[in-house]
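Asker: First the structure, which I've put down as structure tokens, then a few questions once you've had a look.
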Amino acid sequence: MEKAIRNFLSQESAGGILLLVAVALAMLMANSPLSGLYQGFLGTDVQVKIGELDIHKPLILWINDGLMAVFFLLIGLEVKRELLEGALSSVAQASLPTFAAIGGMLVPAGVYLLFNYGDPVTQAGWAIPAATDIAFALGIMALLGSRVPVSLKVFLLALAIIDDLGVIVIIALFYSTDLSTISLVIASLAIAGLVGLNRKGVTSLLPYGILGLILWVAVLKSGVHATLAGVIIAFCIPLRAKDGSSPSEGLEHSLHPWSTFFILPVFAFANAGVYVGNMNLETLISPVPVGIALGLMLGKPIGVMVFSYIAVKLKLAQLPDGVGWKQIAPVAAMCGIGFTMSMFIASLAFEHADPMYGDLARLGTLIGSIMAALVGYFWLSKVLPNKGV
């Protein structure tokens, strides 16, 4: 278990650096003479036509709907493993990160709505600061090396996974529109097929892949966000085969490098390019970026700490071994690193609104996430013992 966590964290730390490079490159291109090339590249029409099936979208939507579905497949595999065998497999292990994650979603959403109350357009972005970017958060923590107790790393990992699960539910309930009955019926049949494969003990990934592709297309056409197909597929792939092998973990290990070093950097590059040349102080202090930035910088740590404290005081949860509140507090600050997950929700929340709102949301996400990363890193560095960095 500990070896798996260490391998996960080492990969996430490298991935976090690559994400930063992708974000910096996107911002550089969006605010330079290369801006036209950048926007033109993301707007490139890509069409897939097979018989009556016709999917025609700009490249950025293929990234957000297609590549991110694979990312959510990986999240689903991680969540299933942790629920059945890992850090969330018992009530005692799952209680504290669960309460922390709930607080870390509710309070930032409340902060955002406080600044955007009464505006039906901007209110749609309430879930943006509720997300935590697991790659960035774990990557920042990994920079502190062996000074960080494994139990603290497991706490952040479990919290982030529950947060991801919450984001999945939010997307399903609040960001699905114009539902197509026929597509939903096809999706339901595909899900029934996937469940049937699981019940029959099929361990070959090929039939899951075929039905999964059908499910993705059906969900894409249904009005429900296509990334949810990845989660459903993940939950249907068996964790253990009769011979003791794990099809689920095998796929997870295969997908993880692709997600860390390709999918998330590509997503960050495609979505982080905010043109700031036409922005001024009035823009920066408008409700959307302020609500998101403060939701991430203040709402996240306050929500995580308050809900955790209440849970421990009511004896509904307990602190990890060898970890006190002075270590939990900076980790709570790190949970405000929203980056790719917050940007993804922003792309859904303002998909049909003026593009300006998307730019403002990304700007708020960048400011809030960077501040949360800096505060979390230096705070945690200060409270940890100075040994073997």
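Any Cβ shown, glycine's included, is placed from N, Cα and C.
Got these off Swiss-Prot a minute ago, pasting:
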TRANSMEM  14-34  transmembrane segment
TRANSMEM  59-79  transmembrane segment
TRANSMEM  95-115  transmembrane segment
TRANSMEM  124-144  transmembrane segment
TRANSMEM  154-174  transmembrane segment
TRANSMEM  177-197  transmembrane segment
TRANSMEM  213-233  transmembrane segment
TRANSMEM  257-277  transmembrane segment
TRANSMEM  292-312  transmembrane segment
TRANSMEM  328-348  transmembrane segment
TRANSMEM  363-383  transmembrane segment
Asker: Before we move on, state whether the transmembrane segment (95-115) and the transmembrane segment (154-174) share at least 3 Cβ pairs under 8 Å, counting only pairs 6 or more apart in sequence.
Answerer: yes
Asker: Can you name the far-off residues of the same chain, 6+ from the ends of the transmembrane segment (257-277), with a Cβ under 8 Å from a Cβ of it?
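Answerer: Answer is 11-12, 14-15, 18-19, 21-23, 25-27, 29-31, 35, 38-39, 42, 59-60, 63-64, 67-68, 70-71, 74, 135, 339-340, 343-344, 346-347, 359, 362-363, 366.
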Asker: For the transmembrane segment (328-348), which recorded stretch in the set 14-34, 124-144, 154-174, 177-197, 292-312 gives the largest number of Cβ pairs separated by under 8 Å?
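Answerer: Between the candidates 14-34, 124-144, 154-174, 177-197, 292-312, the best contact partner of the transmembrane segment (328-348) is 124-144.
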Asker: When only pairs 6 or more apart in sequence are counted, do the transmembrane segment (154-174) and the transmembrane segment (59-79) reach 3 or more Cβ pairs under 8 Å?
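Answerer: Yes, the stretches contact each other.
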Asker: Would you say the transmembrane segment (124-144) and the transmembrane segment (14-34) are touching, if the rule is that at least three C-beta pairs must lie under 8 angstroms and be 6 or more residues apart?
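Answerer: Per Cβ check, the transmembrane segment (14-34) touches the transmembrane segment (124-144).
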Asker: Look over the recorded stretches 59-79, 124-144, 177-197, 213-233 and say which has the most C-beta pairs under 8 A to the transmembrane segment (292-312).
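Answerer: Against the transmembrane segment (292-312), the leading stretch is 124-144.
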Asker: Taking residues 6+ outside the transmembrane segment (59-79), which of them lie with a CB under 8 Å of any CB in it?
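Answerer: Those are 41-46, 88, 161, 164-165, 168, 212, 216, 220, 225-235, 237, 248-249, 251-252, 255-256, 258-259, 263-264, 266-267, 270-271, 344, 347, in sequence order.
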